[in-house]
């Protein structure tokens, strides 16, 4: 039974895995070629990798990011597509009606998705590093060091895991593809505001930690891993109670509507309030988020009442 589930899910998603891998490596090749073209315009000796690669810090420069930002986007897309595609194409319904255990289906999907992400990351990094290794002229140095590489890879993999988990969980609870994409884009962009709050608190001594750059990186990586584990375990619980009768609704679990609304209002108000200049802007952000969140989550009922009122008025 386990082998049958594994084969079914693999056949279902293998094309997605291959396309994601090819696209990721294509982007890596394109970025390397652009960098090589720019380096060919320079004169004299040039070190592609700076001396900071020897430090236990995340290494990231425009010419050579040790862990490409694109790999975070690939993980984001994988988490979104793997869970959402099975919902919209009724593959979940097929698996459930075939008598397979929901927990077995969930964890099989998850480990295949994570394994595919890890393989894609490894191949992309191998292509990125390999092109530089064989193509750089002798006058351009390419000297790597384990401290910077290990820190960058650990931080990057944790970020990719977090992005995958975030989209995986969102696609599990949101049943409308368009609304799901909009929600995820908005939340992902808002994370820069969360990072800005943390950096400001740390720089001002508000946290009292006095963290170095390496410590901040590992703390961030640990936070991503912890968040991912929570979302995966919570997702397993929700998947066990996934009801197909709510397909097409924004939230596939109506019981989450009020908690999601509260978290949304508090989250948006908190970010804007911390980064805002006065109390007035905080109040405005609270009112706007409360009104928008209510309409967004309860809009089917609101729109139904609107259409009934309009039809009665015209009749």
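Even glycines carry a Cβ here, placed using N, Cα and C.
Annotated in TrEMBL:
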{"type": "TRANSMEM", "residues": "64-83", "note": "transmembrane segment"}
{"type": "TRANSMEM", "residues": "110-132", "note": "transmembrane segment"}
{"type": "TRANSMEM", "residues": "152-172", "note": "transmembrane segment"}
{"type": "TRANSMEM", "residues": "179-198", "note": "transmembrane segment"}
{"type": "TRANSMEM", "residues": "218-239", "note": "transmembrane segment"}
{"type": "TRANSMEM", "residues": "251-274", "note": "transmembrane segment"}
{"type": "TRANSMEM", "residues": "280-298", "note": "transmembrane segment"}
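The listed stretches are 110-132, 152-172, 218-239, 251-274, 280-298; of these, 152-172 has the most Cβ pairs under 8 Å to the transmembrane segment (64-83). Contact counts against the transmembrane segment (152-172), taken as Cβ pairs under 8 Å, peak for 218-239 among the stretches 179-198, 218-239, 251-274, 280-298.
Remark: the transmembrane segment (251-274) contacts the transmembrane segment (179-198), by the rule of 3 or more CB pairs under 8 A. Residues 102-103, 105-107, 110, 151, 154-155, 157-159, 161-162, 164-166, 168-169, 172-173, 211, 253 of the same chain lie 6 or more positions beyond the ends of the transmembrane segment (218-239) yet place their CB under 8 Å from a CB of it.
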